[in-house]
Every structure is written in structure tokens, then in C-alpha cells.
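Undergrad: My questions all concern the structure below.
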Amino acid sequence: MARAGVGGVLALVVLACALGARADGSDHKYKEGDHVPLYANKVGPFHNPSETYRYYDLPFCAPEHPKDKKEALGEVLNGDRLVDAPYELNFKEDKNSKILCKKTLTKEQVAKLRDAVAKDYYFQMYYDDLPLWGFLGKMDKDREQGDAKYLLFKHIHFDIMYNDNRVIEINVQTDPNVAVDITEDKEVPIEFSYSVTWKNTDIPFEKRMEKYSKSSSMPQHLEIHWFSIINSCVTVLLLTGFLATILMRVLKNDFIKYSHEDESLEDQEETGWKYIHGDVFRFPKEKSLFAAIIGSGTQLLALAIFIFLLALVGVFYPYNRGALFTALVVIYALTSGIAGYTATSFYLQLEGTNWVRNLIFTGCLFCGPLFLTFCFLNTVAIVYSATAALPFGTIIVIILIWALVTSPLLVLGGIAGKNSNTEFQAPCRTTKYPREIPQLPWYRSTIPQMAMAGFLPFSAIYIELYYIFASIWGHKIYTIYSILFIVFIILIIVTAFVTVALTYFQLAVEDHEWWWRSVLCGGSTGIFIFFYCIYYYHARSDMSGFMQTSFFFGYMTCVCYGFFLMLGTVGFRASLFFVRHIYRSIKCE
């Protein structure tokens, strides 16, 4: 049943991504002279990937009746707004200095284009589903006088390669020598033109997208990735060996000591983790919030695993427009039943009474902050007239998915969890009154323990984080999903081991309030990732402006919060397994 459920989810997501990728219904086969679809997508500052605008927001040449391309959900979420481009690039038809249009730019249009050139604006288009980019112009600075000269490119050359009846590759070139000066505020007459050259190639159609993934699998990049893997593996091996040796030796000594104390009925001062067996399984405060965190964290862990499975089977090939966003939306909706079941069943194990309120809490724990962040950022994008602003129809679709899929599955999962009738498996009985926790040194308090717990898992992933950030918040391509999956597994293992070790040290000093501590220590890696976001923004990127800053920190805060919930759940589950194991191994009175 479980395998069938996993297979069903993956099949649905693959279908959704495939439909999004092939919304145009083209078979990509053409005869000489056939029209090949060319769509203009967006323009925007090169260093601000979220701040993109519609192509015709700038005064370019436009067809008489440009039509918007119908786009899938993931494409719209990605900020793609494809529209007919004015260039005619018919199959295997060369063109030399073809005039696109003649126009006179007004002072306002010149000022708009000059501002775009100053901000390094680029344009993006899609030709037969192949992406192409180019800059609008360039800025020449006079070193002696310090003045800047703004040049707008007015000629574009397309180099297109074909194999038999299919388009294989396209490159665009702009000639700096064929440009118009737009430095001054005055009307500028301009003649836009383009040329096309077709060349034959032996590259098969099936491998035409490999060009875009080669950049991330270059030898020098692979060396860094493998160094990251080796670094992480060494960390895991050292940590695992250290913990296994220390904990097994200490626990063995503890078991021998406690068994001898049981045999010799001498009154001794009670110390160590055995003597809090009557309190260690005392349920935590704020049961509803605790169960909601475990439910949401389990769902996010399932979401991450499903995304990695799709990546490993090749669904997210380069420039499969919106496939990742489509998969995220669909899988999150389909896995909401996991959150409902886990949260409700665990909440009832903790002897909670109001499971309906807990279920609502679980549904809002991650979606609530994400929705509020989206509302703020979408408002910012609307004010900026950016393509990141979702159309009203797309917002309605997302609300319908939440209302018709996510919420019903959450409720069904909650009902299934309520009817599971599972009891909390505690090896020891809990005493009526809690034992007093002895005064502990400052470094055993929550915040220093979180700092220690988050550092090791973060050190295992920080090298890979740069490449992921450069892909999401830049123009680099990341396709080495196998390495990323290995790093993810290492992250889970290190988080589990570190949290278990800190839980043992906490119990050894007779501090029995380990429930919330294990969640906070496990999830602390998310806080480290957020600090890395601040470092990346200021030191490793050239992003600027209110909109880009809002989008970066807004969505990365949600991602870090998701990591906190997911890894906090991992830390708690590992600690719970460990605590049950050690207390089963001794005689509890």
C-alpha cells in the first residue's frame, strides 16, 4: 500500500510537470521555411533575478497583435510571461541585416532605456523551448573625465544549429559597434535590425539540453562538489565513531553501575540519567504546538524526499520552465495527509483532548507564515509592476488547490490518526510530581546547546549551499542532484546523531525536559542557514533594491523556517528512539 501511494504521488507530479513543459503541444519537427515559435519572456537587472518585467514594458519593436502564450502554474510562479517576439526565425532561412522596425524614441523612452542599461538589464527569450539571453546595451566610462556613455544595441545576430528537421542550439550576439548613444535626454531616431545564420550539427535532439547542464558538471566544479562530499563524510564518520564509542562505553558503564546498585540494596545518593526515569517521559508543555511541529516537519521531510526522487529521475532538467514550482505545489498538497495523521495521532498519544484545534494548528503552522509572506511580497511586486506579481487567476487556482486538495487530505489524515488508537510507548511509569532540575552551568542552557547542535550539520552542507544559492538567486545552473541528495542524507544523519548526543548529556545531569530541547537543537541548523543568507546577500551577491531584498529575505526566511521544522522533527524522533532504548535496558521501579 505504501509503495503504491508513493508511486501514485510521483506519477501525478511527473504528469503535472510534463504537462507544464509541453503546454504548447509541439513535436519540435519542422520543414524548411516553417515558422518556429519564438517567445520574448522578460527583462530585468542582471544582479536582481526576482526583479523582472514584461518584455514590452520597454519600448522595443512589437508585432501588431502580440499574443501571450498560455502558461502552466509553475511557469507563472516562476515569473515567466511569454509573449510573441517580433523576430521571424523561420526554419533554415538565413537573413542578413533584416530591418525589424524604425522608430523615434521620446525623451521619456530614452530615459527609461538609459536607466535599464545602467542597471545591466538583460532580456530572455525562448526559441523552440531553448532559452537565449542578451544584454540591452552597455555603459562606457571615461576614466579620465569620469563621465559615462550609455549605448543601446540596435542589432541582434542569431546563430542557430539544426540536425535534420529539429532545432538543436541557438546563440544570440549583440554587436557593440552597432549601437546608438542614449546618454542625453533628447529624441533619438533608431533602426532595429537582426540577422540569422543556420548551421548543421551532429548533436542529436535528445542531447540538446546537455549544453546547459555542462557548466555545473565542469571538472573544476565537480572537484569542489566532491570535496564537499568528502568533507561531509569525514565529519559524519568522525562524529558517528566518536558518539558510538563514547556513548556505548558510557552507557555500558552506566548499565553495569545501575545493575550493581540494584543488587546491593544500599542507600546511595541518586545521580545520573537512571534516577529521572519517573520524569523523562513526562509529556511536554504546549502539547498542541509540539504535535503540530512534528506533523508539519514530517510532511516537509516527505516533500523533500519526493522532490529528490523526481530530481534523480530527471524531471528537473535545465530550463524545464516551472517544473520545480509545479512539483512543490502538487506534492505539498498531496502530502498534507501525512501532517494530519502524524500530528493528530501524536497529539492523542500525548493525551491531548482538542484534536480538531490541533489539526487546524498543524495546517496553519507552515502555510500561515508562508501565506502572509506571499501577500506582502506579491503586493511589493504589484507596486513594481514586476512579473513576480501573480495574476488573480493564478491566486484563485492556488486557493482552490488548498481548499479542494490540501485541506480535505489534512482532515482525512487527522481522522485516520484519531482512529489509529496508538498509545505512547513509555518503558517507565511517570511519577505524579516532577523532579526538581539541579542548577546547571550556563553552557548547558538551551541557546548554547542549540549553537553546538546547529554548527556540525551546517558545516557538512555549507559548501553546497553556495551553489544552490547561486542557482536560485543567480543565473548559474545546478544539475548535480545526486551529490545534493548525498549531502541531504548526511545532513539528516548528522542532525540525528548530534541531537542524540546532546540529549544524553542533558539526561546525565538529571535535566529531564528534553522534549522541546531536542526539537530546538535539531532545528537550529535552520537558524545557521539564515545567518548564511545574510552573509551571502552582503558578501557573495550584487543584489540591491527594496524589491529584491524583500524577496530574498522573505522567501529565504520561510525556507529556513521549513528547515527548522523538518530537522527539529528529525532531532526529536532520533532522541525519542534513543531515550526509549536506554530506559528499556534498565529496571525501572
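Backbone N, Cα and C atoms are what each Cβ position is placed from, and that goes for glycine too.
Here the structure is a predicted model, which means the values were calculated and not measured.
Heads up, here are the entries from TrEMBL:
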{"type": "SIGNAL", "residues": "1-23", "note": "signal peptide"}
{"type": "TRANSMEM", "residues": "224-247", "note": "transmembrane segment"}
{"type": "TRANSMEM", "residues": "289-317", "note": "transmembrane segment"}
{"type": "TRANSMEM", "residues": "323-348", "note": "transmembrane segment"}
{"type": "TRANSMEM", "residues": "360-384", "note": "transmembrane segment"}
{"type": "TRANSMEM", "residues": "390-412", "note": "transmembrane segment"}
{"type": "TRANSMEM", "residues": "453-474", "note": "transmembrane segment"}
{"type": "TRANSMEM", "residues": "480-502", "note": "transmembrane segment"}
{"type": "TRANSMEM", "residues": "514-537", "note": "transmembrane segment"}
{"type": "TRANSMEM", "residues": "552-579", "note": "transmembrane segment"}
Undergrad: Ranking 224-247, 323-348, 390-412 by Cβ pairs under 8 Å to the transmembrane segment (453-474), which is first?
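TA: Between the stretches 224-247, 323-348, 390-412, 224-247 has the largest tally.
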Undergrad: Taking pairs 6 or more apart in sequence, does the count of Cβ pairs under 8 Å between the transmembrane segment (480-502) and the transmembrane segment (552-579) hit 3 or more?
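TA: They do touch: at least three Cβ pairs between the two stretches lie under 8 Å.
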Undergrad: For the transmembrane segment (224-247), could you work out the same-chain residues 6 or more beyond its ends whose Cβ comes under 8 Å from its Cβ atoms?
TA: 456, 459-461, 463-464, 467, 480, 483, 486-487, 490, 493-494, 497-498, 500-501, 504
Undergrad: Take a look at 289-317, 390-412, 514-537, 552-579 and tell me which one has the most Cβ pairs under 8 Å to the transmembrane segment (323-348).
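TA: Comparing 289-317, 390-412, 514-537, 552-579: 289-317 has the most Cβ pairs near the transmembrane segment (323-348).
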Undergrad: Go through the chain and flag residues at least 6 beyond the ends of the transmembrane segment (552-579) whose CB is under 8 A from any CB in it; none is fine as an answer.
TA: 50, 280-281, 293-294, 296-298, 300-301, 304, 365-366, 369-370, 373, 376-377, 453, 457, 473, 491-492, 495-500, 503-504, 507, 514-515, 518-527, 529-530, 533, 537, 543
